[in-house]
Amino acid sequence: MHISEGVLSLYPLTIGAVGAVIGIVAGLKKMEIDEVPRVGIVSAALFVSSLIHINIGPASVHLLLNGIGGLLLGIKLFPAYLVALFLQVLLFQFGGLAVLGVNICTMAISGLVGGRLGRYVIISGKPPWLGGAAAGGIGVVLAALFTALALAFSGEVFLITAKLVLLAHIPVVILESLIGAFIASFIYKMIPSLLGVDEK
């Protein structure tokens, strides 16, 4: 769901940059040395998931995996997205450096919220697949909404694109809910502590 370079106005660019810096610093402070491999694996998954995408004007549609990333990493999703999106800018010119902060925020904040809600569902005793589905679906819905808002704040010319971004992600919501349900169920069986559940 990258937003292209040179599209957004100064207002969303500034908010995105400040928000990204705050999130990255907070994530790095929370990150323990033994968590680096996990963050790296999630970052690699985020990188790969968006390589196959469909462009919609100045934005794009692709798998996100941000909700399941938020479920596994929490606030550490910000540094994971920094690495993934920066490498995409560097290697494939997806997005751009000026919009890097906005792209990090739209993906990481939505993934963090989805992940927190998904973890709450699991800790509350509900089936892990339900928490994973909630994390995956909510992460995509919020990411699409934040991206659409960033475009809408940049001028009326992008209002149609903003609406298309929201509509185009309906199938992605369904797909990511299924993926999230599968991943959460698998992790719950193997390493439940990653989901905030004490191992039995």
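The backbone N, Cα and C atoms fix where each Cβ goes, and this holds for glycine too.
Annotation comment: TrEMBL describes 6-27, 39-57, 63-87, 94-117, 129-152, 164-188 as transmembrane segment.
Residues 1, 3, 7-8, 12, 16, 58-59, 64-71, 102, 105-107, 109-111, 113-115, 117-122, 158-159, 161-163, 165-166, 169, 172-174, 176-185, 195 of the same chain sit 6 or more residues outside the transmembrane segment (129-152) yet have a Cβ under 8 Å from a Cβ within it. Sequence-distant contacts of the transmembrane segment (63-87), counting only residues of its own chain at least 6 positions beyond either end whose CB sits under 8 Å from a CB of the stretch, comprise 1-2, 20, 23-24, 26-28, 30-31, 35, 38-40, 42-47, 49-50, 52, 94-95, 100, 103-104, 107-108, 110-116, 118-119, 131-132, 134-140, 143, 172, 175-176, 179-180, 183-184, 187, 194-195. Between the transmembrane segment (6-27) and the transmembrane segment (94-117) there are 3 or more Cβ pairs closer than 8 Å, counting only residues 6 or more apart in sequence, so the two stretches are in contact. Beyond its flanks by at least six residues, the transmembrane segment (94-117) meets 1-8, 12-13, 15-21, 23-24, 46, 50, 53, 60, 64, 66-75, 77-78, 80-82, 85-86, 88, 134-143, 145-147, 150 of its own chain at Cβ-Cβ distances under 8 Å.
If you look at the transmembrane segment (39-57), the same-chain residues 6 or more away from its ends with a CB under 8 A from one of its CBs are 1-2, 31, 63-66, 69, 72-73, 76-77, 79-81, 83-84, 87-88, 92, 94, 107, 158, 161, 164-165, 168.
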